[in-house]
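*Asks:* Below is the structure I would like to discuss, written out as structure tokens.
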Protein chains: 2
Amino acid sequence: MATTWVPNVSPTSDFSLANLPFGIITTPSDPLPHAAVAIGTSVLDLKALSTSPLFTDLFPSLPPQIFSHPTLNPFAALGRPTHRAVRAALQSLLSTGDSRLRDDPALRAAALLPLAQVKSHLPMAVGDYTDFYAGYHHAFAVGAMFRGPGAELQPNYTRLPVGYHGRASSIVVSGTLIRRPVGQFVLDPAEGPVVGPSRRVDFEVELGCFVARGNEMGEAVAVGEAEEYVFGYVLLNDWSARDVQAWEYVPLGPFNSKNFGTTVSPWVVLADALEPFRVKGVENPGGEVLEYLRGREDGVFDIGLEVDLTTPEGDTTTISRTTSRHLMWSFPQMIAHHTLGGCPLRTGDLLGSGTISGPGGAEERGCLSEMTQGGKKEVLLYGMDARTFLKDGDTITIRGACGEPGARVGFGECRGRIYSAEQRR
Amino acid sequence: MATTWVPNVSPTSDFSLANLPFGIITTPSDPLPHAAVAIGTSVLDLKALSTSPLFTDLFPSLPPQIFSHPTLNPFAALGRPTHRAVRAALQSLLSTGDSRLRDDPALRAAALLPLAQVKSHLPMAVGDYTDFYAGYHHAFAVGAMFRGPGAELQPNYTRLPVGYHGRASSIVVSGTLIRRPVGQFVLDPAEGPVVGPSRRVDFEVELGCFVARGNEMGEAVAVGEAEEYVFGYVLLNDWSARDVQAWEYVPLGPFNSKNFGTTVSPWVVLADALEPFRVKGVENPGGEVLEYLRGREDGVFDIGLEVDLTTPEGDTTTISRTTSRHLMWSFPQMIAHHTLGGCPLRTGDLLGSGTISGPGGAEERGCLSEMTQGGKKEVLLYGMDARTFLKDGDTITIRGACGEPGARVGFGECRGRIYSAEQRR
């Protein structure tokens, strides 16, 4: 792997030259949201770069304003071969030995900025958000809690990637505060439901997938072509109010228990950057799937995932370590199923994987509900602290990365803090 | 009620002077989608009107381009007091005795066009679509089919307006063809699921509500203020594949069974136009609801609804007659519940009422599944024809209206035809 001339790129950085994730930023000198790539502790401001003749040298066929939009949608819509070519050209530009930007002090000053000085924004305009349930061990554990041994998985679980339509309007970028939702739930079945701040606010560790290309309404996407519809990936926290969920979800699925906020990491790791990390997912215990769902064997990625809980007092504990190889359905399978009946996907649509948990103990589970067996056991934190569900002021930070030191492909942070339902904003 | 000088406004027209619904059209001389109101067999082209000095006389505080956008969202976002004032000014302009437009032949020729010469488009850009389940008799009948006598309603049904997130990308305007979805379903439980064109394609009669104003994320809308968040109403057909639905919907709700198409009528009846038709909805058998859901008594509207089925041979039978007074939850209650946990609504969001059925026989039910008791009994059509579910080439047309002849407030048609899953488009 090539090395970079960009200073201060630590071997442990998520944003290596092998990664170059895309995001939307504002900077001290440019308050209009626009596109950038992250490398080490810097960003390359692609809008600033586009003011230089170097831009047309690098990307002769790109519209010059493509990175000046407030979302990555116009770039994503150009399709995966273009994303591949642009990323490769940027990798060249930033490689040790390439002098074009390195030795242009004025352009460097304008376009290569400290990451700490820029503000990240939601990278895509999301038309529709769909959340799947593809984490096998999560589905199994939740089923065991609700239905007991022998009936953990619904009959459809192994036959199709179960999913539901989520709420696009409450998708926010990492760092956005999340208000503890008020909701309706049952404390005492004899008393009926009450209204109040949820007492069981939880997180869910997921991988999010942004759609590059849309399909026409009425036309399905074949599983073998679905990779071409993927722009890239982010980490996703599907905040959940478990007390609200238990009361509301029959028969039409989760609603207010999920629509108060969904946090995504700001840097979109392009699909090509993850290609080296393909693995086989969880083997489907139901055997061979129907033909329209038969994709390549190594359909998922082995991304190491970690969850930190930081208390209001500032103490941080890593409460979970897992990997995205625990998915049983791949995103191409989800796309093939989603479009089977003709549902149109559009550029910028977001697909969530569903909660990702390992098969073992609490320390590899992707949500508190699993870790605590529905609130029955505590998760121990640094010092003498413990949790069943989240307290006001708690921060959840999800990190994810794969690859060797010096060539790590990581996501940075997907972070959110819960604030009190009573607090005015 | 005032009368209009516009020619050919029949007393039985849905689009009386008392209505003036808003839509998005293209015309022979202007291929860019823009706003209009319908009256009788004509439309008043508001973009064409805006080129005249009369426009600033009528609407001194409106941005001059407000009706030149391809959706009604910018107008809707101005809020209900503005919608009220604009509608009142247009009612004056079109009243018998107002000569400003009537006696201006050049402007009349440019702005008053035959409805038959314009093409209607989707009136709003829909960010998120939420479908509720507020039709009491529908929920009761479906529950009776699934769970039997004594367990018709889930315990939460009378305590909160049950709803789920729908798919925004497949919302289409009346007249758009709907491809029969291919889906996964179970024919023989011993054999497991199969894939193929759905054999149980159904319609659902609903009322749709477009959101005018959004709320901030984290901030709930009080039920008493929710009317101010409503722009207007349309008829909605929530096409459904019942075989797909039965197999996929546990535990996360309907997905591919619903996301292949949702049809809305093109003319948005403003909230104010329906005010005279308020009635009390179905009494909640669970008694008093929680305080955040206590809205005004007359929270729903008495809109007469009719469903026509037209066969591929062209024979039409009116298969259902019902009314929207069969809703148990009002749209303000749905909005209060939707935002209770802080979910942000945005201008243009669409809320569906859920299927509207009367309490009686098949002839007042809002979907074929109810009419046929899940496919067990046939609905008889004109001639010797009959249906359990829809055949390729069948057209469903929903009509809705209230009010006396000469002052009817109606929706026009919400129409869609199913075409074969095998047919290329």
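From the backbone N, Cα and C atoms, a Cβ is placed for every residue, glycine too.
A TrEMBL annotation is a machine prediction, not a hand-curated record.
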*Asks:* From B:Asp131, B:Asp302, B:Asp308, grab the residue that TrEMBL records in the same Ca(2+) site as B:Glu204, B:Glu206, B:Asp238.
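*Replies:* Record source TrEMBL; matching candidate: B:Asp131.
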*Asks:* Have a look at the binding-site residues B:Glu204, B:Glu206, B:Asp238 and say which one has the shortest Cα distance to B:Arg147 (substrate binding site).
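*Replies:* Comparing Cα positions, the candidate nearest B:Arg147 (substrate binding site) turns out to be B:Glu204.
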*Asks:* Over the domain 'Fumarylacetoacetase N-terminal' (B:18-123), what is the model's average pLDDT?
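*Replies:* A mean pLDDT of 97 is what the predicted model shows over the domain 'Fumarylacetoacetase N-terminal' (B:18-123).
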*Asks:* Just to be sure I understand: of B:Glu204, B:Glu206, B:Asp238, B:Lys258, B:Thr262, which binding-site residues have a C-alpha no more than 10 angstroms from the C-alpha of B:Gln245 (substrate binding site)?
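*Replies:* Within 10 Å Cα-Cα: B:Lys258.
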*Asks:* Look up B:Glu206 (Ca(2+) binding site) in the DSSP assignment and reduce it to helix, strand or coil.
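*Replies:* B:Glu206 (Ca(2+) binding site) sits in a strand per DSSP.
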*Asks:* Filter the recorded positions B:Tyr133, B:His138, B:Tyr249, B:Thr355: retain a residue only if its CB is under 8 A from a CB of chain A. Output in sequence order; output 'none' if empty.
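*Replies:* Correct list, in sequence order: B:Tyr133, B:Tyr249.
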*Asks:* Under 8 Å between C-beta atoms and at least six apart in sequence, can you list the same-chain neighbours of B:Thr355 (substrate binding site), or say none if there are none?
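*Replies:* Listed in sequence order: B:Tyr133, B:Gly135, B:His138, B:Glu204, B:Val205, B:Glu206, B:Asp238, B:Gly366, B:Cys367, B:Glu370.
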*Asks:* What residues, ordered by sequence, lie under 8 A Cβ-to-Cβ from B:Lys258 (Mg(2+) binding site) and sit at least six positions away in the same chain?
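*Replies:* Set apart from B:Lys258 (Mg(2+) binding site) by at least 6 residues yet with Cβ under 8 Å, we have B:Asp131, B:Gly166, B:Arg167, B:Asp238, B:Trp239, B:Ser240, B:Ala241, B:Gln245.
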*Asks:* Where's the emptiest Cβ shell within 10 Å among the binding-site residues B:Glu204, B:Asp238?
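*Replies:* Ranked by other Cβ atoms within 10 Å, the binding-site residues B:Glu204, B:Asp238 bottom out at B:Asp238.
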